[in-house]
Amino acid sequence: MPPFGYKTETSTAVEKKEKPLPRLNIHSGFWILASIVVTYYVDFFKTLKENFHTSSWFLCGSALLLVSLSIAFYCIVYLEWYCGIGEYDVRYPALIPITTASFIAAGICFNIALWHVWSLFTPLLLFTQFMGVVMFITLLG
């Protein structure tokens with residue numbers, strides 16, 4: 001028992017429960033809105049459709065993105081939800097670096113594939129689309 005009415009660390013930790021942040025905040029709303037604006041004004045999907053079969057860089061980037069998303073879904077859906085392995089990064093340490101490397105390589109391939117369309121704006125446009133998708137996914141989960 002601590003002297004003079006001091007509280008122990010465990011009792012203060014219980015009292016300091018923080019409220020979780022709301023899913024939709026200004027930051028996520030900005031990125032989602034920016035992604036919608038970029039999609040509309042640069043005809044993003046029309047451009048992707050026109051360049052889908054003409055560029056091997058685009059196909060390579062699509063394959064790498066598919067690898068990255070497959071590993072991510074394997075970790076989240078199968079390992080964590082189905083098998084109940086919460087710390088899959090400890091049990092399978094190679095999965096996270098492989099996913100990260102394939103995602104970065106996919107981003108580079110997409111930048112090369114679409115460089116002739118938007119030139120110096122390509123990395124900015126793709127990053128805006130990426131952040132919009134990430135913020136939209138955080139709204140769902």
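For all residues, glycine too, the Cβ spot is worked out from N, Cα and C.
Remember, predicted model here, so these are calculated numbers, not experimental data.
Per TrEMBL, the features are:
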TRANSMEM  24-42  transmembrane segment
TRANSMEM  54-82  transmembrane segment
TRANSMEM  94-114  transmembrane segment
TRANSMEM  120-140  transmembrane segment
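Residues 48, 88-89, 92, 95, 98-99, 102-103, 105-110, 112-114 of the same chain lie 6+ residues outside the transmembrane segment (54-82) yet bring a C-beta within less than 8 angstroms of a C-beta in it. Beyond its flanks by at least six residues, the transmembrane segment (120-140) meets 23-24, 27-29, 31-32, 34-36, 38-39, 42, 44, 107, 110-111, 114 of its own chain at Cβ-Cβ distances under 8 Å.
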